[in-house]
Amino acid sequence: MQENGPRLLVVAEQAKIFSHRGGNVTLPCKFYHEHTSTAGSGTHRIRVKWTKLTYDYLKEVDVFVAMGHHRKSYGSYQGRVSLRESSENDASLVITNIRLEDYGRYKCEVIEGLEDDTAVVTLNLEGVVFPYSPRLGRYNLNFHEAQRACAEQDSVMASFDQLYDAWRSGLDWCNAGWLSDGSVQYPITKPREPCGGRNTVPGVRNYGFWDKDKSHYDVFCFTSNFNGRFYYLIHPTKLTYEEAVQACLKDGSQIAKVGQIFAAWKLLGYDRCDAGWLADGSVRYPISRPRKRCSPSEAAVRFVGFPDKKHKLYGVYCFRAYN
C-alpha cells in the first residue's frame, strides 16, 4: 500500500564494509524518491531504523532509531552509534569503538507515512579464526560452554562466513567445532582418511545443527587486532604456570590469552620459537617464518599441550593493554 507520488527508495552504496576491533566505521544508507532528487515528500516525518539481522533472518536486534530530534540506541550499541546526516537524505550509521560481536549484517529501514524501503549492509572485521578445545580434550563443549570458552580467550564464536574465508586462506582442521549459528562444521584443505576420506573434495564439512545443551564438540573462535602489546617475557628461569602468571603481573601485564597469540601471529607476523604458558594453562608458540626445529612445514601457532601446571616449566607470553 502506498500513497500517490514518487516511490521511496533506500540504497546502500556499498554492500560490504571492512573494519577492525576498536575502529570506527560508517554503514552507508541513503533514501530518495523515485525519479526525483528529493529526500522526502515533506508531508510526513521520516523515521530511520537500524537493526542487526540474525543468521536465519527471523529475528532482528534493535540498534538505533531516529525520528525528528528523537534518537535512541539499544543494548551494547548505546553511546557508540549515531547517524552521519551529511545531507538531508543521509541515513548512514556511524559505529565507534567496534567490538568483535558487531560483525554481521545490518538493515537500514526508512519509513515515511505508509511507504518504507530497506537496504542491507554487511560489516566484516579483519581477524583470524582459530580452533579451540579445553584442557579436558576434544569434543567436551556444548554450545553455551563453547561461547564462554571463546570469550575467555579474547574472542567470539566464528560465523560460517568467517570459517569459510579462513578455509579459503588455508585453514585445515579435522575436529568439528561449533559456529555462532549453532551448526557444527570443520574445514579441510587436504582430504585424508581420518577427515572424511582421501577421495573427497576440499571444503567446509557440515555436521548440521545439534542440541546446544546435550551435544559436545570443539569450537571455532574469531578474534581481531588488539590495543596493547603482546610479547614473550624475557626471564632468567623457566616457570610453573603460577610463577608465569605472577611474572607477567610483576612486569605490569597479564598472562596472554589464546586469542591474543593468534592475533599477534596472524595480523602482526609475530614469530617466536619459544614455547610459553598462556592464560588457559596451555603452552604454545607462534611461527610466521617456518624453519628447522620451529614448525618446518608451515606457519602456525604450534600447540604443545596442557602440561602439569605445578611441575612443568616453560616461558610465558604476556599482554599489556594500552589505555
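Cβ coordinates come from backbone N, Cα and C, glycine included.
Because TrEMBL annotations are produced automatically, they should be read as predictions rather than curated entries.
TrEMBL lists 6-122 with the feature domain 'Ig-like'. For 128-223, 228-320, the entry in TrEMBL reads domain 'Link'. Look at TrEMBL and you will find Cys174-Cys195, Cys273-Cys294 tagged as disulfide bond.
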For Cys294 (disulfide bond), what is the tally of other C-beta atoms lying within 10 angstroms of its C-beta?
-> 15
Identify which of the disulfide-bonded residues Cys195, Cys273 has its Cβ surrounded by the largest number of other Cβ atoms within 10 Å, counting every protein chain shown.
-> Cys195
Same-chain residues at least 6 apart in sequence whose Cβ lies under 8 Å from Cys174 (disulfide bond) = Tyr186, Ile188, Arg192, Pro194, Cys195
